[in-house]
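J.: Mind having a look at this structure? Questions to follow.
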Amino acid sequence: MDNRTAIIKQPDNISSFHDVYKLQKEYQEALILDNSNPDFIWIGEHQLCYTLGRGSNYDNLLFSLNDAKYDVFKIDRGGEVTCHMPGQLVTYLVLDLKNFNKDLNWYLRKIEEIIIKILGAFNIDCHSRKGFTGVWIGNKKIASIGIGCKKWITINGFSINIDCELENFNKIVPCGIENCLMANMIDYNKNLNIQEVKRIVKKTIEEEFNFDFISK
């Protein structure tokens, strides 16, 4: 496969989910209009918020929306409710799957493989689970995946817990999985930091999708 150009954005600051989601949608629409436009990758952290997929069950929010102290967004992706916060690294991929494989199951499994390679770079043994989407360390979930797709142009992506406040997941039923335990990478490798993980995420995506990155 020939290399494809992708714009990559890696802010150092903690970013608003609303602003980054709007940016993704803009790149998605640009690719739909003209697939010669570059793909778009965003790697960073969010302020504390909760997001629900298109068909999410609000019963999986364990707090009232009427007096919520947190931002809650319903967005264009599959899957159930999840949480974003500082200390968790989020990666969004706005890709034209027509250049790769027009198969969403292939894409989900590809993302799982990418996450497993990222954690493997830090000597963390992890795995996918049959019947579920995401990546686990033993019986604890370390990474969540949620994607949207319109005319084969993807949106959203995956999150990896690096060193975040896992208590925030207690306010939801994560990914709709009852009694789901969550994990942080830092608990399995004390020497890592989020900037180093970010570097490996970029490198792995670049290699797996044959991208030539343009920083922006």
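The backbone N, Cα and C atoms fix where each Cβ goes, and this holds for glycine too.
According to Swiss-Prot, the record shows the following:
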- Cys175: active site, acyl-thioester intermediate (ACT_SITE)
- Arg77, Gly78, Gly79, Glu80, Val81, Thr82, Cys83, His84, Ser144, Ile145, Gly146, Gly157, Phe158, Ser159: substrate binding site (BINDING)
- 35-213: domain 'BPL/LPL catalytic' (DOMAIN)
- Lys141: site 'Lowers pKa of active site Cys' (SITE)
J.: Taking DSSP as the reference, which of helix, strand or coil describes Arg77 (substrate binding site)?
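T.: Note: Arg77 (substrate binding site) is coil by DSSP, not helix or strand.
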J.: Around the Cβ of Lys141 (site 'Lowers pKa of active site Cys'), how many other Cβ atoms lie within 10 Å? Please give the count over every shown protein chain.
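T.: Total other Cβ atoms inside 10 Å, all chains included: 23.
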J.: Would you kindly give the Cα-Cα distance separating Cys175 (active site, acyl-thioester intermediate) and Gly146 (substrate binding site), rounded to the nearest Å?
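T.: Cα-Cα distance, Gly146 (substrate binding site) to Cys175 (active site, acyl-thioester intermediate): 9 Å.
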J.: Considering only the recorded positions Arg77, Val81, Cys83, Lys141, Phe158, which residue has the minimal Cα-Cα separation from Cys175 (active site, acyl-thioester intermediate)?
T.: Val81
J.: Of all the Cα pairs drawn from Arg77, Gly78, Gly79, Glu80, Val81, Thr82, Cys83, His84, Ser144, Ile145, Gly146, Gly157, Phe158, Ser159, the residues the record ties to substrate, which distance is largest, in Å?
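T.: So the binding residues stretch over 16 Å, Cα to Cα.
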J.: Within 10 Å of the Cβ of Phe158 (substrate binding site), how many other Cβ atoms are there?
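T.: For Phe158 (substrate binding site), the 10 Å Cβ neighbour count is 24.
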J.: Tally every other Cβ atom lying within 10 Å of the Cβ atom of Val81 (substrate binding site).
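T.: Its Cβ has 25 other Cβ atoms within 10 Å.
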J.: Who sits close to Arg77 (substrate binding site): which same-chain residues at least 6 apart have their Cβ under 8 Å from its Cβ?
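T.: Correct list: Thr51, Gly53, Arg54, Gly146, Ile147, Gly148, Ile155, Asn156.
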J.: Mind looking up the mean pLDDT for the domain 'BPL/LPL catalytic' (35-213) in the predicted model?
T.: 93
